[in-house]
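Chemist: Attaching a single structure in structure tokens format; questions to follow.
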Amino acid sequence: MNDLIINHIAELILPRSTDKPLKGKELDELNVVKNGTVVIKDGKIVYAGTHTDDYDATETIDASGKVVSPALVDAHTHLTFGGSREHEMSLKRQGKSYLEILEMGGGILSTVNATRETSEDDLFKKAEHDLLTMIKHGVLAVESKSGYGLDRENELKQLKVSNRLAEKYDLDMKHTFLGPHAVPKEASSNEAFLEEMIALLPEVKHYADFADIFCETGVFTIEQSQHYMQKAKEAGFKVKIHADEIDPLGGLELAIDEQAISADHLVASSDKGKEKLRNSDTVAVLLPATTLYLGKEDYADARGMLDNNGAIALATDYNPGSSVTNNIQLVMAIAALKLKLSPNEVWNAVTVNAAKAIDINAGTINTGDKANLVIWDAPNHEYIPYHFGINHAEKVIKDGKVIVDNTLSFKV
């Protein structure tokens, strides 16, 4: 006897399972089954496809008029941080630049101070609250970066918190050491601080899967970033890079040359960098909510990357300064509106390709897969990025069990 059958599904979304990320035109290929059925036993998928009455189960969910998809993957977050920066919004409205806000004691260094002052347990409670919000919105796989400690004690504190969260909730969660995220005030120079972070790599390897660096004007150069990435690979890390967010420094080209698993942001990436994606499996993780929040007009050139047969994914970039959202459904809508992605491209970018960007087996519904699913209160898969700003996730299913039920009920 099976444990659960989800039947009469209006649309069952079945992203293609591949060893490598979907590239170029492949991203627009999505198997959408009308009147579908999913059968689950022992937390695994037994069957997923067109409607069938050939299976029995102890529990049945009628998904008439609903969409069922794999649980979503958020491939770029800064989940563990102290404090918040809502007061900076008024400064931005007054026309203050990021550097001016930084000089006033705001910006990333204010988050560094707040994170340093927050105990590990309090940091855990805050991150747990934010993680549960992600789960309620359909996410069951997450990447979590450090980068707000900028010293040994506090970088480790951030990584320990994300590891505790993964253990408590048994999530597909990957942890990224982003020690070179900014340069703290106490550092004698960028170069000296970078060497401090490189020296930490063997120790943080016990808590982190990836090593990341912020390659940008005024932070770390291309040469410094390459040095760090090479040292990280020597220490056993797969590497990522925050690249070309503001200036076209060649961060995307560096990521491809160093065989990074992903290059993230890429708003200012050059045509040369986009062309190099053609022969690379590095995933371009695009973060359109960041561009929106910062009030910028130019978004990452998703269409140019796809035209060059590149692989792209989407993520929230959840952080307190430039993308204060942990709702990936909002990102899906922004990507459709501003990156000009089709509904199929959006869905693949938050499932199978996002999973490739953090090196996990997720984002598909195949026989033998973990039964990590979302039942959406939507008539079709195009409706979710179309009707933006609300939570369409009705039920979130983890390992075959309903762990979130957002069904509305009122007492009048």
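Every residue, even glycine, has its Cβ placed from backbone N, Cα and C.
What Swiss-Prot records for this protein is below:
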BINDING   HIS76, HIS78, HIS242, ASP317  Zn(2+) binding site
BINDING   HIS76, HIS78, HIS242, ASP317  Fe(3+) binding site
BINDING   ARG85, TYR148, HIS181, GLU245, SER322  4-imidazolone-5-propanoate binding site
BINDING   TYR148, ASN319, GLY321  N-formimidoyl-L-glutamate binding site
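Can you tell me where each of these features sits in this structure?
Modeler: In the three-state DSSP reading, HIS78 (Zn(2+) binding site) counts as coil. Under a cutoff of 8 A between CB atoms, and with a sequence separation of 6+ in the same chain, the neighbours of HIS78 (Zn(2+) binding site) are SER144, LYS145, GLY147, TYR148, LEU178, ASP317, TYR318, ASN319, PRO320.
Same-chain residues at least 6 positions away in sequence with a Cβ under 8 Å from that of HIS181 (4-imidazolone-5-propanoate binding site) are, in sequence order, ILE108, LYS145, SER146, GLY147, TYR148, LEU150, ASP212, ILE213, PHE214, HIS242.
When Cβ atoms from all protein chains are considered, those within 10 Å of TYR148 (4-imidazolone-5-propanoate binding site) total 30, not counting its own.
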Chemist: Do any of HIS76, ARG85, GLU245 (binding-site residues) have a CA within 10 A of GLY321 (N-formimidoyl-L-glutamate binding site), and if so which?
Modeler: ARG85
Chemist: Going by DSSP, is ARG85 (4-imidazolone-5-propanoate binding site) part of a helix, a strand, or coil?
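Modeler: DSSP call for ARG85 (4-imidazolone-5-propanoate binding site): coil, neither helix nor strand.
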Chemist: If you count CB neighbours within 10 Å, which one among the binding-site residues ASN319, SER322 has the smallest count?
Modeler: SER322
